[in-house]
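Student: The following block contains the structure, expressed as C-alpha cells.
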Amino acid sequence: MTRASSVYINGTFYTETGIVENGRMQVNADGKIEAIGSAREVSLPQSPEYIVDLAGHKVIPGMIDVHVHGGNGFDVMKPTYANLDGMSRFHAEHGTTSFLATTGAGTKEQVFTALNNIYEAYSAGLTGAELLGVHLEGPYLSPKRKGAFMTEHLRVPDLAEMQAYLDVSGNIIKLVTLAPEIKSGFELAAYLLNRGIQVSIGHSDATYDEVAKAVELGCLHSTHHFNGMRPFHHREPGVAGAGLIIPEFVVELIADGIHVHPAGVRLLFAVKTPQNVCVVTDAVAYAGLPDGIYEESTVMDGIIHLTGTDTLAGSSLTMIQALRNVITFTGLPLETILPSFTIVPARKSGVEQRKGSLAVGKDADFILLDDELHIHDTYIKGLSINA
C-alpha cells in the first residue's frame, strides 16, 4: 500500500504529556509521528483524502508484548514463516503492535532451528505486529521451578552454546530469562549483559541474596513475577520478595487473574508503580482456540494446563484483555496504567527511542478504543492492519 502523509483528527490522544481531547496527529509517509496536539497546534492538509476521522475514539500507544510464545494455533517453536506471521496477525487484532518472539526450553537443535526461523522472518518482515527480536526463555532454568518445561530440556549454561544462539539469531536476542543461581548462571548473566542483552530472572529458586548479587551485575527484571520462582517468606524473601523491595527491579506480570490473583496484581501496582511493572501475555499457541485437548495441553474455560495436571502451561491472554483486567483489578485509570503496556516493555526490548508512546519522531503505532475499551482498529507505522 502506498503511504502518504496523513492527519488523524477527532481523537482523544493519550500522549507522553497528557490526554489531548479532540486532538490531531500528523503521520509522515515513513509512518513516523510528525506532530501531535490540539486542533490549533496541528494543521490540516490541503487535500481531504489525507485526513482520517477517528470518530472520537480513544487513541493509545500500541502495546508491546515482550513475552509471547504463540496464538491462534501458531507457535514460535514451529519453524515456519507462517507460524510467526499468523501469531503476529492474531495479536495485532488484540492490541499488540510489536513483540519479542519468545522461545521455550527445547533441545539444542529445536532452539537453534527456531532462532534461525525467527531471524529469517525478522529480515522478511511480518504482516501483523512488528517482530522486534527474541526473548530466549530458557533452557538455563532451575529444575525446581521448571513450570511446564520438560526437565530433560533444561541445562546448565554453556557460553559456546549461547554464542551459537546469538549467531544463528543474527544477534536479535534482546532478552534472556535464566536462573542465576544454577551452575555458571552468574557467568552467563555477565556474558549477556556485557553484550547489551537484558537478563531477566525467571524459573529460578534463587534466594534474596542471590537475586541481589544478580542485580549488582545488572539483572533488573523478573519473568512472570510470582510464577516459576521462589516465593516470598518472611525469613527468606526469595525472588518474589526481592522483586518487590529492590526499587530498580522491573517485574513482569501475566495479568489474567489466574497466574496471579487480582489482589496480587493490585499489590504489584501499588508497590512497584506502573513504571516498574511490565505486563505480558505469556500466550501460547492455544490462545484464541476453543476449549479442548491440544497435544500436551488442555484448554478449559480459557485456562491452559499440562494435560492431566494442575500445572499452568502459558496463557490464553491477549494484551487488550490484560489492559481491561488491570483496570478492573486495581481501580486505576487507563492513563495511569498505560506505561506498563507501552513504554516499560519498550525499554525492556530496547526500542524506547522509537516506540512506547505517542510522541514526535516515534513510530505511529496506535490503537483505537471505544469507551468500553474494545478495539476499533490497530495501526502499525500509520497503517491500519485492516487496510
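Positions of Cβ are set from backbone N, Cα and C atoms, glycine also.
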Student: Given that TrEMBL lists HIS203, HIS224 as binding Zn(2+), which residue among GLU137, GLU152, GLU295 does it place in the same site?
Tutor: GLU137
Student: Which of these, ALA121, ALA124, ALA129, ALA148, does TrEMBL list as part of the substrate site with ASN227, GLY228, ARG235, HIS259, LEU312, ALA313, GLY314?
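Tutor: Answer per TrEMBL: ALA148.
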Student: Among the recorded positions GLU137, HIS203, ASP282, report those whose Cα falls within 10 Å of that of ASN227 (substrate binding site); none is a fine answer.
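Tutor: The recorded positions passing the 10 Å Cα test are HIS203.
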Student: Inside 10 Å of the Cβ of ASP282 (active site, proton donor/acceptor), count up the other Cβ atoms and send me the figure.
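Tutor: Around ASP282 (active site, proton donor/acceptor), other Cβ atoms within 10 Å: 26.
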Student: Taking all residues of the domain 'Amidohydrolase-related' (59-378) together, what is their mean pLDDT?
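Tutor: Mean pLDDT across the domain 'Amidohydrolase-related' (59-378) comes out at 97.
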Student: Using a Cβ cut-off under 8 Å and a sequence separation of 6 or more, which residues in the same chain sit near HIS259 (substrate binding site)?
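Tutor: The list for HIS259 (substrate binding site) reads HIS224, PHE226, ASN227, ASP282, LEU312, SER315, given in order along the sequence.
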Student: Measure from the Cα of HIS203 (Zn(2+) binding site) to the Cα of every one of the binding-site residues ALA148, ARG235, ALA313, GLY314, then give the nearest.
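Tutor: Sorting the binding-site residues by distance from HIS203 (Zn(2+) binding site), the top entry is ALA148.
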Student: Where's the emptiest Cβ shell within 10 Å among the binding-site residues HIS203, ARG235?
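Tutor: With the binding-site residues HIS203, ARG235, fewest surrounding Cβ atoms within 10 Å: ARG235.
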Student: Within the chain of ALA148 (substrate binding site), which residues six or more apart in sequence place their C-beta under 8 angstroms from its C-beta?
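Tutor: Long-range Cβ contacts: LEU306, THR311, LEU312, ALA313, GLY314.
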